Ligand SMILES: *Cc1c(COP(=O)(O)O)cnc(C)c1O
């Protein structure tokens, strides 16, 4: 379906200022508006934090009750077979794979993103020990989500074989960081703070030309932008299901491994779920063929089962359509902030160029933390990231054009009246 973009006009063109009626009219032709009813959101809340914790699909409560009362309560241990619990990581992986351009048998839903990064890095290091034994550099980004850097440091420390970290930053662009002495690059497809998106195909081609393997962290990309792992010829990918995929707080993450690499080595978290014959209870480890060797141990089945409810909504659309509407909504967000909050010190740090923008918009403001608290008190939930960043996640499955208008109006009011300066908005919470 090709739907003309209601706000495709550039944010700056000398067109008349937008009105709320324009936004309502855009909602009426939004091809994704029909999904709003599939989510449970409280009255009076405008939720712009689905990139941190996705909203709850309506079907999730019923599914949770079924897993707990029927599958666990009544069927007890038989459910490992009868309810398909044991196969869940792979079955959900196949479903999720459709949203990231992966084939069947290439994804498992399991563990956390942090743990999956460790497995992917370790597997990449072992493959390269054979292909390029002299290499010792692992590339990631200074501005990456911290856990990506921390877990890489942990692996380097543990290996104790002279591996070193090289960080992409303002002084070292990716083209210069990913050179022929590098083992693997670990990049976030969409940056968690700025919303800047890499061209996966281009970076991967550059990496491969230098003999470098790629790991893509899709935490802020899966379910939000048009990820095409196979087409980009990527090597490994990981990501969350609790953000844009609406799996629930702390729901298990996913890992994708290009079929060409799956059977080359096994990853070191070699638990019994990855064994070739887990119920033979053999003395020694023998990895299962394929993606299941990236499993480790028993999964939190209640949480894992609920991941399916979010996936079942998302697979009714396509990543390309999701991203197209998302870009339209983020364009609108940027344009309205500039039209209506233009006399306040808000600095856009998200790219205007669609080719490199993910699905959230971020602004810097010296009082960013207080403004986010004041917005939350008025029912507009975004979040705050150091330093001074106000971040607004745009989730077209349950946010529309008038929602963006209403959120920016509340932002404008908070800025115009300086209501963010109240003492209660200066107190720091543990989670921002
Ligand atoms: C949210 C996020 C994570 C989270 O990792 P967990 O193991 O689920 O805590 C990892 N990487 C990126 C880029 C993220 O945005």
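Heads up, the Cβ atoms here are built off N, Cα and C, so glycines get one too.
All annotation found in TrEMBL is predicted automatically rather than curated by experts.
The pyridoxal 5'-phosphate binding site annotation in TrEMBL covers 113, 114, 145, 146, 147, 148, 217, 220, 242, 272, 298. Annotation source TrEMBL lists N6-(pyridoxal phosphate)lysine at 243.
Comparing Cβ neighbour counts within 10 Å across the recorded positions 113, 217, 242, 243, 298, the minimum falls on 298.
Long-range Cβ neighbours of residue 147 (pyridoxal 5'-phosphate binding site) (same chain, at least 6 residues apart, Cβ-Cβ under 8 Å): 113, 114, 117. Between the alpha carbons (Cα) of residue 243 (N6-(pyridoxal phosphate)lysine) and residue 298 (pyridoxal 5'-phosphate binding site) lies a span of roughly 23 Å. Within the same chain, the residues at least 6 positions away from residue 145 (pyridoxal 5'-phosphate binding site) whose Cβ sits under 8 Å from its Cβ are 188, 192, 217, 219, listed in sequence order. Across 113, 114, 145, 146, 147, 148, 217, 220, 242, 272, 298, which the record gives as binding pyridoxal 5'-phosphate, the greatest C-alpha separation is 30 Å.
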